[in-house]
C-alpha cells in the first residue's frame, strides 16, 4: 500500500471512529441544553455525564472511540491481520455499548441490549460492506465472485435485522397499536421508514439476482452505480431512524397524545380529533395510490433494463414511498 493510499484510508477510518463519539453525543447534548438553565453548565454537564445512564454510556463509547482512534494511527491494517482483528474487537465493543445505551435496554436491560446490539451488528455487516465496496472499489472486475458470498450474507443479515427490528418495535409499541401509533410523530416516522424498505428491497434484488444474470449477457456491465443507489437508500433509512431516537415512543397512545399532541402530518390529513382504535378502510383513491406505488417500483426495474439515468430510478423509489404513504393515510 502506498503512503498516499494509507493516508486516505486512515482519514476515512479516523473520521468514522470519531464520528461515532461525536454523533452519539447528540442525545446527551439535548439533555444538557434542557437542564443547564436551572443547574448551570458545570453542574449540568457533570450530572448528565456521571449520573444519567445515557451520559455514562456516552462516556464509555467516547473512551473506546478515542482508544480505537489512537490504535489506528500507526497501523496499516492490510499488513498484519492481527491488527484488523484488534480493530474488529474495538468495533464490537462499540456496538455492545451502543446497545447497552439504547431505549430498549432501559426497558429490559439484557434482552433489550442484546436485541439492539444484534440488530446494529447485522446492519453494520450488511451496509458496511456494501458502502465500502460500492463507493471505494476501483472497478467491478471481481463483482461476480463478490456477489457469490455477499448475496447470501446480505440475506441473512436482512432477516436478522427484520426479526430484531420487530422485536425492538415491541418495546416501543404495545401489541395491536401499530396503526394507532400513526397518530403520533413517532408512529408516522416509523411508518415512513417501513415504506422506505420496500424500494430498498427492489434495489437489493436488482443488485443481486438481476445483476448476476446481466453479467452473463454483458460482461462489461458496471454494477457500481446501482450498488451506490442501494447504499443511498439505506442512508435515507438511517436518517429516518435517527429522527425516531428524538421522539417519544408511544408506550401508551392516549398518554403520549396528551403529552406530545397529535402528529402534525396526521393532523393535516385527519384533523385534531381521532377515534381509537384507528381502522383501515381503503377506498378507490387509496387503491389508485397503491397502484401508483407499484407502477413506480416497476419503473425502477424498467430503468435498470433500459439503462435509463440512475436519477430516474432514485426518483421512482421516492415516489413509491410517497404514494404508499398517501394510500395508507387516505385509508383511515
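Backbone N, Cα and C define each Cβ position, glycine as well.
Keep in mind that this is a model prediction, so the values were computed, not measured.
Marked as transmembrane segment by TrEMBL: 15-37, 57-75, 82-100, 120-137, 149-171, 191-210, 231-248, 284-304, 311-328. Among the features that TrEMBL reports, domain 'Copper resistance protein D' is placed at 145-244.
Long-range Cβ contacts of the transmembrane segment (82-100) within its own chain (Cβ-Cβ under 8 Å, at least 6 residues beyond either end) map to 20, 24, 57, 60-61, 64-65, 67-68, 71-72, 75-76, 112-121, 124. Among the stretches 15-37, 120-137, 149-171, 231-248, 311-328, the one making the largest number of Cβ pairs under 8 Å with the transmembrane segment (191-210) is 311-328. Using a cut-off of 8 Å between Cβ atoms, the transmembrane segment (149-171) and the transmembrane segment (120-137) share at least three residue pairs, counting only pairs 6 or more apart in sequence.
For the transmembrane segment (231-248), same-chain residues at least 6 beyond its ends with a Cβ under 8 Å from one of its own Cβ atoms are 27, 30, 103, 127, 130-131, 134-135, 184-186, 189-190, 192-193, 196-197, 199-200, 203, 256, 259-260, 314, 317. If you take every residue in the domain 'Copper resistance protein D' (145-244) and average the pLDDT, you get 88. Mapped onto DSSP helix, strand and coil, the domain 'Copper resistance protein D' (145-244) counts 86 helix, 0 strand, 14 coil.
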